[in-house]
Amino acid sequence: MNYPAVAKELLTLLGGKSNITALAHCATRLRLAVADEQKIDEQAIDNLEGVKGQFKVAGQYQIIFGSGIVNQVYAEMAKLTGMSEMSTNDVASAGAEKQNIVQPAVKGLSDIFVPIIPAIVAGGLLMGIYNLLTAQGLFIDGKSLIEANPGLTDLANMINTFANAPFVYLPILLAFSASKKFGGNPYLGAALGMLMVHPDLLNGWGFGGASVSGNIPVWNILGFEIQKVGYQGSVLPVLVSAFILAKVELGLRKVIPSVLDNLLTPLLAIFIAGLLTFTVVGPFTRDIGFLLGDGLNWLYNTAGFVGGAVFGLIYAPFVITGMHHSFIAIETQLLADIATTGGTFIFPIAAMSNVSQGAAALAVGVMSKDKKMKGIAIPSGVTGLLGITEPAMFGVNLKLRYPFIAAVCAAALSSAFITMFNVKAQALGAAGLPGIISITPDKIGYYIAGMVIAFLTAFVLTIVLGIGDRAKVGKKAAA
């Protein structure tokens, strides 16, 4: 290979020397930050000798040459640009400056969730198995598998316990990972997560019913009442609290003498962060969720299929924050007055969103040539179809962005469809394929049609959006 010639041509295809703001390389890739991405001729670069792929990530433009070759190309590029003293960190910093506010936020969420994906995937698959065992009428008319085979009852109960564990104690996993990401001690983060799911607190999933009945337990401290409510399965309160904990910890370490650091810093950090969690962060984020839920209730009842489309479009972003748990209170009220309401409209729309996210992840798994990404995408997609979308969203769809876009568009379309036919659920369950048994009998056909629309739209749209960027699908997981 004529390295000087390749480097010279590559520089031209990148828009010239003036378009390169940072240059470095790793073991296999040339890493750059550019002033204007529109000046890059990606198609011509794909056909350049030695190039094995290219993709954009975190504001950086990366070209894959392979081990050995990249060093030679970089050396020639450095001569042409005069950028021979830069590191990959310099390129990352330059690339970060080009990112909008959404990109680093999405990357940060991905960095936090990716390490805990195996636990969530395991729980999701086990929950799907439990739903199949306990779903009435799914395999046997009028009965579930465990009703037909009582000897399987305890097995189903055991599987349910295994399945719930990662979600009940999600704040522990999440706080550990988030604290590490925010620069704090991850074990202090885990302690904060344990505090948020302590058994002395009202179970977070029981808050909706307790708020309706007015039986929310409180701590009464000098006349000031603090709700004793847990945050099982929550995301946003945990992320905010972990961020506060990390910053408090780092701040304390700067002012507390080293001789007292190991004693006072953990004590004060946990106390301050815990107090703020139960007095400000938790109630505030939960109230936001209730306000949004009330707004969606109004939207559905007044805007018809348009309201259904909007709800379907934004349901997945609610899942990202954990605010979708606030809908349980609304659904409880809707089901309590089922003679008047006809059931809950939230469950079917949630199912459309979940199926869409699962289908998008499966499409990535089909497209991907990278074994690691395929190994994450396919099982995550399956759990999404069964009603558990966190693995698909955080491990695949948000990380690549365009599968998430495809999924929310599919959710909007399918939600509009089922809203036109007033599809509602008469019970709660797994919001996905097993959710068929929860739908009012005369609307099951429309529910199935909606899931088909959701799946096909998300799957096809993901492939269409990803065709021009296959390198991202196959290589971004390793970036």
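Glycine residues also receive a Cβ, built from the backbone N, Cα and C atoms like all the rest.
Taken from Swiss-Prot, the feature active site, phosphocysteine intermediate covers Cys26, and the record attributes it to sequence analysis. Its own atom aside, the Cβ of Cys26 (active site, phosphocysteine intermediate) has 14 Cβ atoms within 10 angstroms in the protein chains shown.
Residues or ranges marked as domain 'PTS EIIB type-1' by Swiss-Prot: 4-87. The DSSP breakdown of the domain 'PTS EIIB type-1' (4-87) into helical (H, G, I), extended (E, B) and coil residues amounts to 34 helix, 22 strand, 28 coil.
According to Swiss-Prot, the domain 'PTS EIIC type-1' annotation covers 120-477.
Marked as transmembrane segment by Swiss-Prot on the basis of sequence analysis: 112-132 (among others).
Listed as Cβ neighbours of the transmembrane segment (158-178) (distance under 8 Å, sequence separation of 6 or more from its ends, same chain) are residues 112-113, 115-116, 119-120, 122-124, 126-127, 129-130, 133, 186-187, 189-190, 192-194, 196-197, 231-235, 237-239, 241-243, 245-246. Residues annotated as transmembrane segment in Swiss-Prot, with sequence analysis given as evidence: 158-178 (among others).
The transmembrane segment annotation in Swiss-Prot covers 182-202 (among others) and is backed by sequence analysis. Counting only same-chain residues 6+ beyond the ends of the transmembrane segment (182-202), those with a CB under 8 A from a CB of the stretch are 168-169, 171-176, 210, 216-217, 227-232, 234, 237-238, 241-243, 245-247, 249-250, 266, 269-270, 273-274, 277, 282.
Residues annotated as transmembrane segment in Swiss-Prot: 204-224 (among others).
Marked as transmembrane segment by Swiss-Prot on the basis of sequence analysis: 232-252 (among others).
What Swiss-Prot records for 264-284 (among others) is transmembrane segment, and it gives sequence analysis as the kind of evidence.
Sequence annotations record features per position, and here Swiss-Prot assigns transmembrane segment to 303-323 (among others). Listed by sequence, the residues of this chain that lie at least six past the ends of the transmembrane segment (303-323) yet keep a Cβ under 8 A from its Cβ atoms are 109, 233-238, 285, 288-289, 292-293, 296, 345-346, 349-350, 352-353, 356-357, 389-390, 393-394, 398, 404, 407-409, 411-420.
Per Swiss-Prot, the feature transmembrane segment maps to 345-365 (among others).
The transmembrane segment annotation in Swiss-Prot covers 376-396 (among others). Outside the transmembrane segment (376-396) by six or more residues, the chain places 109-110, 113-114, 117, 120-121, 123-125, 127-128, 131, 316, 319-320, 351, 353-355, 357-365, 368, 403-404, 429-435, 455, 477 with a CB less than 8 A from a CB of the stretch.
According to Swiss-Prot, the feature transmembrane segment maps to 403-423 (among others).
A Cβ distance under 8 Å defines the sequence-distant neighbours of the transmembrane segment (448-468), meaning residues of its chain 6+ beyond its ends; these are 348, 351-353, 355-360, 362-364, 366-367, 385, 400, 402-403, 405-407, 409-411, 413-415, 417-418, 423, 433, 436. Per Swiss-Prot, the feature transmembrane segment maps to 448-468 (among others); the stated evidence is sequence analysis.
A contact between the transmembrane segment (264-284) and the transmembrane segment (345-365) is absent, since fewer than 3 of their C-beta pairs, 6 or more residues apart, lie under 8 Å.
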